[in-house]
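First up is the structure itself, then whatever we jot down about it.
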Amino acid sequence: MASSPSPPSLQLTSTSTNPTDDDEQPSTHDYSKGVKHLVDTASDLRSIPSNYVLPIIPSICRSTSLDPSIPIIDLDGLDEPSGERRISIIVNHGIKASLMEEMLRSVEGFFSLTWEEKMKYASDDVMHPVRYGTSLNTSKPHVLHWRDYLRHFGHPIGNSFHLWPDNPPNYREVAKEYLEEVWKLAMKIWGAISEGLGLDRDYIEKSLGEGCQIVASNYYPPCPEPHLTLGLSAHSDHGGLTILMQNEVDGLQVRHNDMWIQIQFMPGMLVVNIGDYLEILSNGRYKSVEHRAVVNEERTRISVAVGHGPELNAIIGPASPLVDEKNEPPRYRPIRYKDYMRNQQSSAVRGKEPLGTVKTVSSSTSSTIPSFSQSS
């Protein structure tokens, strides 16, 4: 079992008032124990504590809609040597439905543990190999979000397997099998993307070196005032590909033309997000996706997001075949991947602002979504 670090400090920033009964918002409540603990222990929670009320801007966060143009990728046939199916269209991904369901049950089992058991994995270090927390990843001052999470490294599994939670008893073995299958799937997708960029099929896979895989399991309990908060603010992922599954409760939204598009659940579906590493490597030809999580009043949403990127000590930058100093100069400066990851994970700034710190030219892709951090 992982060592038991001191519980992390959680600094709060309140941007508005939202009076509640004393039973519902005790002044001594320890928010670092998680939002599930708050929901489980509060008496008749009818409104959220002011610490969770976010300054959402209406002009950015307009009403959601379902966009039928979001592509459904059928991976059946991806390995065919030729064929148009490779570029026409994630279903038929090869991961057994029974394994996906078992992974979701194991994750739910972890979040159902006592807060004392979960807090054994609490840490202020965003790079800690196994980490339980609540709200955003950072411990910097910020308005709280309606989420608890468990994050830990995956591939190369031998480096951290012994640190993963050993409760529920089957968690390690189930997570190991699931992460191995998702890694294989990510490598298949990397091959198709490499060819789509005009590179050798194994170009991106080779660029990863040993590679780095991180799983973030998220727990969003029912919220009495979902319109005042978010499970997770708009952001892009630091890795290259994030492969996400969830229970049947919708809540994932992607930003498109200043509209938030709801991703509707389909049985057996996996959602693939493009992350910052792929935007950097492709020199901007691929754009990382801004996404967020909303919550609801009635049901708990659980998601398991698995990110894939290069080994931590890799120097990342645009792929050399995609750069021409005269006609196609590098749009991103080189940076060590673990440094980029630490900066991105430590920030209370949402949107794609962390990516902007490594850009070499101005770009309209910078986010206009504000920070929810406290002014210094």
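A Cβ is built for glycine as well, from the same backbone N, Cα and C atoms used for every other residue.
Annotation comment: TrEMBL describes 1-31, 320-376 as region 'Disordered'. Taken from TrEMBL, the feature compositional bias 'Low complexity' applies to 9-19, 360-376. Residues or ranges marked as domain 'Fe2OG dioxygenase' by TrEMBL: 208-310. Residues or ranges marked as compositional bias 'Basic and acidic residues' in TrEMBL: 323-341.
Helix, strand and coil content of the domain 'Fe2OG dioxygenase' (208-310), in residues and according to DSSP, is 9 helix, 44 strand, 50 coil.
Helix, strand and coil content of the compositional bias 'Basic and acidic residues' (323-341), in residues and according to DSSP, is 5 helix, 5 strand, 9 coil.
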